Amino acid sequence: MSVGLQRQYSFRSNPPEDHLDGEILFSTKDALLMDIPHTSTSLQSAVFSGSHDFAGSLREIGGTSSSTTPTSTAIGPPHKSDWRMDNSRTDKARSQCLQLCSDLIAAFDSIAEKMSNYTTLATQLPRGFLPLANDVLGACRELSSIYTGLSDTPSPSQVLPSDVVAALEKKLRGTQVHMKSLDHVVTKLLEHERKVAGSRLRRKFGKMFPNDHVEKVKLEATKMREDLKVGSLLLQWKLGSTFAEREPGIGCVSLSAAIQTVTGQPPEGRRYLSSSEIDEPAHRAVAAMLDVQPQRSFEEQPGALRHRPIPLSNLHSSTIDTDKGSSVGHSSFNGHSGRTFASNEDGSAARFTIDSMGSSNEGRDRYGDKPRTTLEMEKADETMEYALDSLIGDIRTFELDSSKVVHMDSVPSAMPHSRPRTMVDRDKPNNGTLLVSAVRAGDYRVLYQLLDRGASPDTGAEMHALNEAIAGRDSESVRLLLLYGANPNAVDSEGQSPLATAASKSSLRIIIALLKYGADPNAVTRGTQSPLAIAVSSGNLRFTHALLMYGANPNQMTASNNTLVIASISATSSKMLTDLLLNYGAAPNEKSREGKTALFEAITNGRADIVDSLIQHGADPNLPGPKHMLWPAVHNPECLRILLAKAADHKKTSGIMELATSINSIEAIRILLEAGVDPNAKKDGVYTPLCTAIRDNRADILELLLRNGADPNIPASEYPAFKCITHHREQFLPALVAAGAKLDTPKGIAETAVATKNPKVLDWLLKSGVDPNDRCPAGRTPLTTAIRENNIEMVNMLLTHGANPNVRGQDWPVCMAVRYPPILERILAALQEPRAFKGVMERAVEANQLASVKLLRAAGVSVEDRNGGVFSPLTTAIRERRTDIVAYLIGEGGADVNAPGEHLPLVKALRRCQTVHTEIIDMLLEKGADPNKMYRGWNGMMQALENGDLEMLRKLATTSGVDLEVRDELDRTVTEIARSRRWEEAVTILLSSKHVGAI
């Protein structure tokens, strides 16, 4: 709904000539009416009812009748000199009353300002505060009406009698008393609210200043307002017309806005009585009560006009200078007057008319010189709603949804501007707060009044009125602020310019209006986005076009250091947006901070249409950004086709075929093959397309590559045939062999089949003629690998196909087979001379395979066969504590218990078993092990002394005796060793057994 500015216009006509005859009687009744007691109910019914009971209400208030009213004929007309003397005295009293009224208006405006500040600070308003605020605003309006009535220069027929003026002064003096009480209470409220810092203090303050103070002054304010209302009505009736209110002060404006913010509704307003609302019988009743000639009704007075709201669009569209009584208008710009536009911006339909921006002279003709019909007023209100759209009408003629290049010049001086009619509020300290409050409340009347009284539209960075209006998408507030000179380039506390705010809030009308008023489309502060960057990032074509039309730089960077062309590209963005930037001169090869180009971004997002457009606008398909364009294009065959057709050099992307294969894009492979890309080219010097197809099990790609010349003998990390085996793709082997794959180059394919435990492939390879004895590059044969894997099935398969067990692979087959007795048995059966492999018996003992020991002994291998000429099977069994094998070797096997390996068996047993496991020692002693036998300067007796085992020493001495003559490598006897350790018990045992077994 449109919002209009309610203004009051009144036109008075001179009363009849014989009106002076009743002047004295008229003033007497006026004075009587001023002093009569009245109630709220009777007053409200008299002032606001507008019904046929109006005259009766006045009679009730006055308590008089026509029968008691003196007549003019009883007194007679006054002498002319007497009239002049009375008039002189009345003028003086009138001036004093006028000054008093002016002082009261200023005082009430100050009170209203304090109440507005209190409303802003208080978290909860006291009971009765809002009605009190309405009474204060009402009192201000009545005082304004009285001031207007007193200040207007009267005609000789409209001189106010002295007693009427005196009665008015009395009422004003009483109002002054009530005003001081009201000011005291409001001041205390505001002071305490400013000092309150915590909930505890707030509770104390509530007890100290209870709500009944507000209630008390509220009653006084209500009475004061009613008294002033009676005086205002008396002046209207006396002078025969209504009065135009003075413009309210800044305090009243701010309080009105505060009330609307708190309640969501405008404050209670005064409803003036028009001529149509006061019927003729009521008017005659008033005249009869005052014993005067009936005056003509308001409708009979020339120039009478009902009060209707006047649209802001007509009031603000020109520069107004009321002080000089003239205006200089601005006609509709660019010759588009009267044009109508249609718009669906923001998802709604709207009419845009240029007529709303008519000149002030035109507006004066419409509103000042002749009455307007109701239909005309409604139309004016309607055009006000779209006033801002008329400013941008010429832009809407262009196709903003296209990529067509259009350049516009911003001429702020050609735009409508207005200057305040008065500067009375220019220096008010809280102008910025009031402007922002009015903008937030959407109160255009208050906003207009503030600006028209000198409040600066530039409210500073902390409270940015223009940005507030833009953030709320309030076109009318934006228009008013720009009209009164708001700086369209001033930034707020966050560095955000109005244009950037408009771009982020998606308001095209506001963007264009700001540009026309001189907003810089390239302005940006550190850490913020430029307007164009915001528009492009949001994908808004029309916003971007508008900014570019007015000179926005298409080569600027976003806050994330992307180019605008890159920012315009996404999987779902409009191609036209990118074309628009390119058409306005955006560089297609510029890179972002990460080194990306727009072409790379388009390819990454799969936008073949934008790829084609970028290349047409000069984008280089061979410029790395950050890598060559063909690399990302492989993921989108259509982009790949365009690039290769537009001279993209595939020789700079060696391995691109392998990449296409790796992502399983057969369409990309076909495009690359058609472009002549080598199907054998390696990626990173390692990976080939053919091996990648085998790895990914893509038979269709494998067939396509082989058909187009892929070589099956070119290795990647491994050869294609080997890749088939390691990745279990044996189904591809026949195709590779058919294409020329060599199974014997390199050697080891059978061993690979064994290692992957694939008997089916091994069988196929052996039947295809692969040598079962071929070693792999690591030296392993199929047979040794099969033994290592304990795979007897493959061992049998290999032996059956001619594998030789005498061929060494990882190790000798028989030596490896001792760990697996079944395989050993199979190997021994094929082995002609097992004794040829030295140490095989010791290997069987080490593997803890008694069965293998028995198989080897049965095959003729000696139990004394040392491994490496040092380690005997018996000492190894003792070292590994293989009790069962020791028992077999010295028992059934017939091993010599005194034959040394790396040590004597008894010494090895004493070292390994000590006192914990004596079974092996006992078996050795039982089989004749000699503790006095020396080997490498040491024997069993010395080892017992070394161990400090007295019991074992006694057992050895008792069993075999002690040879006291043998010496160790340090030339010490056993007794010397014992004495050196001061072990007397050992010396005693040794000496007591010296005769036994002496050598």
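Note: Cβ is positioned from N, Cα and C throughout, glycine not excepted.
Note: TrEMBL annotation is automatic and uncurated.
Keep in mind it's a predicted model, so treat the numbers as computed, not measured.
According to TrEMBL, the compositional bias 'Low complexity' annotation covers 64-73. Look at TrEMBL and you will find 79-88 tagged as compositional bias 'Basic and acidic residues'. Among the features that TrEMBL reports, compositional bias 'Polar residues' is placed at 328-346. Taken from TrEMBL, the feature region 'Disordered' covers 59-88, 301-370, 410-430. Here TrEMBL flags 494-526, 527-559, 594-626, 685-717, 778-810 as repeat 'ANK'.
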Lying 6 or more residues past either end of the repeat 'ANK' (685-717) yet within Cβ distance under 8 Å of it, the residues of that chain are 655, 657-658, 660-662, 664, 666, 669-670, 673, 679, 723-724, 727, 729, 731-732, 735-736, 739-742, 745
Going along the chain, which residues at least six beyond the ends of the repeat 'ANK' (778-810) come within the CB cut-off of under 8 Å? 748, 750-751, 753-755, 757, 759, 762-763, 766, 772, 816-817, 819-820, 822-823, 826-827, 830-832
Where else in the chain does the repeat 'ANK' (527-559) make close Cβ contacts, counting only residues six or more beyond its ends and a cut-off under 8 Å? 395, 398, 400-403, 406-410, 494-497, 499-500, 502-504, 506, 508, 511-512, 515, 519, 521, 565, 567-568, 570, 573-574, 576-577, 580-581, 584-587, 590, 592
Positions whose Cβ lies under 8 angstroms from the repeat 'ANK' (594-626), at least six residues beyond its ends: 561-563, 565-566, 569-571, 573, 575, 578-579, 582, 588, 632-633, 635-636, 638-639, 642-643, 646-649, 652
What are the DSSP helix/strand/coil residue counts across the repeat 'ANK' (527-559)? 16 helix, 1 strand, 16 coil
Mind looking up the mean pLDDT for the repeat 'ANK' (778-810) in the predicted model? 95
